[in-house]
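Trainee: Quick one: structure below, then a few questions.
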Amino acid sequence: MTLSILVAHDLQRVIGFENQLPWHLPNDLKHVKKLSTGHTLVMGRKTFESIGKPLPNRRNVVLTSDTSFNVVGVDVIHSIEDIYQLPGHVFIFGGQILFEEMIDKVDDMYITVIEGKFRGDTFFPPYTFEDWEVASSVEGKLDEKNTIPHTFLHLIRKK
């Protein structure tokens, strides 16, 4: 099993505001699709509800304490330990509580750094490059649909 974080955050580590992304960046959505298609996304219930439906062509797993939660096309787990039973490449997809719980346990992180400061009420936990090696850093292309500077980072935990 490979365990990765997949997240976009701004320069203040904001990941959300009122259960929505504070920015619109189609490049990042394509990046998420490219990385996670054919694999497993694990997210909390609030993150799933902000998306509104299972993402196609990948396994969608929702971690929730709500034993009555049931959505077609979604597998439900009720504990962090259940994540370790999932096969293949598993991406931790948010939100804040799940990221806080898993950041010290993942092998690597795929981070889209949004080069701006946005209003937010949900944050990615602090991390330092002392703990992570930069495997790749690619500037996102700007165009009429992608107007916010952004960088795609792949960080691997230092041994």
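Every residue gets a Cβ built from N, Cα and C, even glycine.
Pulled the feature table from Swiss-Prot, pasting it below:
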type: BINDING; residues: L6, V7, A8, D28, R58, T112; note: substrate binding site
type: BINDING; residues: 7-8, 15-20, 44-47, 63-66, 93-98; note: NADP(+) binding site
type: DOMAIN; residues: 2-157; note: domain 'DHFR'
Trainee: Give me the mean pLDDT over the domain 'DHFR' (2-157), rounded to a whole number.
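Mentor: In the predicted model, the domain 'DHFR' (2-157) has a mean pLDDT of 98.
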Trainee: Quick check: in three-state DSSP terms, what is R58 (substrate binding site)?
Mentor: coil
Trainee: Just the number: how many Å between the Cα atoms of R45 (NADP(+) binding site) and A8 (substrate binding site)?
Mentor: 18
Trainee: How far is it from G16 (NADP(+) binding site) to L6 (substrate binding site), counting Cα to Cα, in Å?
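Mentor: About 14 Å separate the Cα atoms of these two residues.
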Trainee: Out of N19, L63, D66, G95, L98, the binding-site residues in the record, which is closest to V7 (substrate binding site) when you go by Cα distance?
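Mentor: If we rank N19, L63, D66, G95, L98 by Cα distance to V7 (substrate binding site), first place goes to G95.
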Trainee: For N19 (NADP(+) binding site) and L6 (substrate binding site), determine the Cα separation and express it in whole Å.
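Mentor: So the Cα of L6 (substrate binding site) lies 17 Å away from that of N19 (NADP(+) binding site).
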Trainee: Between the two most separated Cα atoms in L6, V7, A8, D28, R58, T112, the residues recorded as binding substrate, what distance in Å do you get?
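Mentor: Between the most distant Cα atoms of the substrate site, 20 Å.
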Trainee: Applying a 10 Å Cβ distance cut-off over all chains shown, what neighbour count does N19 (NADP(+) binding site) have?
Mentor: 12
Trainee: Excluding near sequence neighbours, so keeping only residues 6 or more apart in the same chain, what lies with its CB under 8 A of D28 (substrate binding site)?
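Mentor: Residues satisfying the criterion: A8, T112, I114, G140, H150.
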Trainee: Roughly how many angstrom lie between the C-alpha atoms of L63 (NADP(+) binding site) and L6 (substrate binding site)?
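Mentor: Roughly 16 Å, rounded to the nearest whole number.
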Trainee: Taking only the Cα atoms, work out how far G95 (NADP(+) binding site) lies from R58 (substrate binding site), in Å, as a whole number.
Mentor: 18
Trainee: Cα distance, L98 (NADP(+) binding site) to R58 (substrate binding site), nearest Å?
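Mentor: That separation, Cα to Cα, works out to 19 Å.
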